[in-house]
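Enquirer: Dumping the structure here so I can ask a few things about it.
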Amino acid sequence: MATKNAIEDVAHNEKSRLSGEMQSLGKICNIEHKMCSNSGESSNGGLDPEPPSIPKRRQELLKWNGWGYKDSKFFVNKDGHVEFTGERYRISGSTMPGLRDWMTKTIGISLDQKTPSQPEISAANIPLPVKNESFVADLRKTSISNSDDCQDRLFRAHGHTLHEIFLLREGKFDRIPDLVIWPASHDEVVKVVELACKHNVVVIPFGGGTSVSNALECPLEEKRMIVSLDTSQMNRILWVDEKNMTMRAECGIIGQDLERKLAERGLCTGHEPDSMEFSSLGGWVATRASGMKKNIYGNIEDLLVHVKMVTPRGVMEKNCQVPRMSCGPDIHHFILGSEGTLGVVTEVTLKVRPLPPCKKYGSIVFPDFECGVKCMREVAKQRCAPASIRLMDNEQFQFGHALKVESKSILTNFLDGLKKLYITKLKGFDPMKLAVATLLFEGTKEEVAAKEKRVYEIAAMFRGIPGGADNGERGYMLTFVIAYLRDIAFDYYVVAESFETSVPWDRCLDLCQNVKERLHRECKDNGIQFPPYITCRVTQTYDSGACVYFYFAFNYRGISNPVHLYEHIETCGREEILANGGSISHHHGVGKIRKQWLRKTIGDIGLGTLQAVKQYIDPNNIFGNNNLMIGQNFGGVVQQEAANVLLPSKL
Ligand SMILES: Cc1cc2nc3c(=O)[nH]c(=O)nc-3n(C[C@H](O)[C@H](O)[C@H](O)COP(=O)(O)OP(=O)(O)OC[C@H]3O[C@@H](n4cnc5c(N)ncnc54)[C@H](O)[C@@H]3O)c2cc1C
């Protein structure tokens, strides 16, 4: 009984956490909490009456031209302070007194120089659909839901790269999907793919639409009808098997729904990418996603036990669900990272774990970034990394500080002052150099206590001092709102984007420094008049290296082609990354924007092998989104997709 109560407490806390951090307040799950039986597979989800958090008509809840929920955004209020709207997040309804100054001083924003988004892209500016009449006629004989409404089509024409969101705000799309189809099951996907093959129609799978690689963009040159296969209505947990600690769900379930539903059973997958509010299970598999807590739970490839993919050749899957097999190259690895080029991932079995009974945040302040990286390397070496450990450089620390919400508590302000005094005066840390690591520990109380002790001991070896749980918690909470910041930046002539890489430990520091220097140099050489904002953090640690994540933004007043220039400089940044031993991507994938480096990355033979697989599975290029380098232009020169255009007034 005691154990059951403890599990229920943990489940309750987890539900509250997910709710508090990012859940629509009105939609907190109200299904009665039921513990699973231990009798092997137990069905549930199919009967689950709860609708998904994101409606089928996404535009009803989400912004059409920016990140996230319509009701949640940063804006400058009548007092001239930046405020965050809505009620969904902890910072909702709060002002951030330091942010306006940060925006003006660091990046040269002027509050009276605005570039508002166009109010909408009207039907007149949306391309007419290409129609394959016989396909449509055959589709209509089924009961599979579909729509050729302009806004439904537009919503599925893009992900969230700078290029795509800028187009929504200031341009128009020359090619978008011609029809949106919402299959409700694996069998309906099989039917759609059969029809697409029969009538030579292109299929682009759409999960949560959070892609940051232009993977969802329609190839401009594609003359065939393009169907966006939206998986959002395939959102059930099909079963949970507590004997083997696995669960199977349909591909369209999004992260927040999956974790919340599992939490009701005292379970979790632990896969938490920063986009988990909106990204889908199928999307994670298709992009080889990585979650912030991968140190305990693993990346998506470590969590994956079984996957079904519907291809033009038929359904690709293994015949058993075992922890490991020695049966030649693992076919899951053709599916993981296939980016919608080979088929539709329909059902996925992942490992699950009991919800950790104890979660604790923490932070460490280092005198500089180098000490921080050395500490992270040692933590990885000793294999004692907490669920998450992230190291911010000084620029990001300053920014985090600017994002602090107004506190009316004298005690909080007093304690903050004391901490600052201690760190800068007594410890002698230079506020313009220090770096901060945020930590999240998970496990039993004893495990957490033991790990905390070890991590803080290692930190001390590198002059790191504990910075408190509040700072750590705030850091993680901010990951869910940080994506909203780009929208306010757009409003004031700023273009911004993030990009990431993985790198061996011995090159990590050099890479961070050289990439920053290169970006600064390119900004200067390209006539950017205001100081750019360039910052990085080390977000994931491995035995042999780390993931590094950059933010890069600049104020483009006086520049006529900001997106083009941004892409040029980002390309230089990527060249620098590669020259410093980094990779083309750690988890964002290749899509279209990183295709140009794929051949160099995997070599001619590697690429030829991928192309041969594509040729076998999908000879007519039905999954013709042209991601990776395995579409129709086999071996051809890869051009950057010039898809879609800016309105003449904005050129
Ligand atoms: C703010 C923000 C934070 C992010 N943080 C992270 C992070 O922490 N970790 C991380 O790994 N990524 C992150 N990303 C990138 C993105 O969320 C991931 O790539 C995610 O896995 C995409 O999932 P999705 O469901 O949104 O897929 P979509 O964007 O809909 O699609 C991405 C690609 O996968 C294909 N696809 C989607 N579903 C299927 C399917 N069922 N079958 C076959 N192909 C499919 C699409 O055709 C497309 O090529 C972030 C993105 C943003 C904007």
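Easy rule for this one: first residue shown is 1, then count along the chain.
Glycine is no exception: its Cβ is also placed from the backbone N, Cα and C atoms.
As listed in TrEMBL for this protein:
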type: ACT_SITE; residues: Tyr549; note: active site, proton donor/acceptor
type: BINDING; residues: 205-211, 287-290, 339-345; note: FAD binding site
type: BINDING; residues: Arg486; note: substrate binding site
type: DOMAIN; residues: 173-355; note: domain 'FAD-binding PCMH-type'
Enquirer: I want to verify one value. Collapsing DSSP to three states, which class is Arg486 (substrate binding site)?
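Expert: Once the DSSP labels are grouped into three classes, Arg486 (substrate binding site) ends up as helix.
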Enquirer: Counting across all protein chains shown, how many other Cβ atoms sit within 10 Å of the Cβ of Gly208 (FAD binding site)?
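Expert: Neighbour count, Cβ to Cβ under the 10 Å cut-off: 24.
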Enquirer: What does DSSP assign Pro205 (FAD binding site), in three states?
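Expert: Its secondary structure by DSSP: strand.
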Enquirer: Can you tell me how far the Cα of Ala289 (FAD binding site) sits from the Cα of the residue listed as 'active site, proton donor/acceptor', in Å?
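Expert: Taking the Cα atoms only, Ala289 (FAD binding site) lies 14 Å from the residue listed as 'active site, proton donor/acceptor'.
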Enquirer: From the Cα of Ser211 (FAD binding site) across to the Cα of Tyr549 (active site, proton donor/acceptor), what is the distance in angstrom?
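Expert: Cα of Tyr549 (active site, proton donor/acceptor) to Cα of Ser211 (FAD binding site) measures 16 Å after rounding.
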Enquirer: Rounded to an integer, what is the Cα-Cα distance in Å between Ser211 (FAD binding site) and the residue listed as 'substrate binding site'?
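Expert: Their Cα atoms are separated by 16 Å.
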Enquirer: Show which residues of the chain containing the residue listed as 'substrate binding site', separated from it by at least 6 in sequence, have their CB under 8 Å from its CB.
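Expert: Spatial neighbours, sequence-distant, of the residue listed as 'substrate binding site': Gly66, Trp67, Leu162, Ile165, Ala496, Glu497.
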Enquirer: Which chain-mates of Gly343 (FAD binding site) that are at least 6 residues away have a CB under 8 A from its CB, listed by sequence?
Expert: Val193, Met309, Val310, Thr311, Pro312, Met316, Ile335, Ile617, Asp618, Phe623
Enquirer: With every protein chain in view, how many other Cβ atoms are within 10 Å of the Cβ of Ala289 (FAD binding site)?
Expert: 27
Enquirer: Suppose we draw a 10 Å sphere around the Cβ of the residue listed as 'active site, proton donor/acceptor'. How many other Cβ atoms does it contain, all chains included?
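Expert: Summing over all protein chains shown, the residue listed as 'active site, proton donor/acceptor' has 22 other Cβ atoms within 10 Å.
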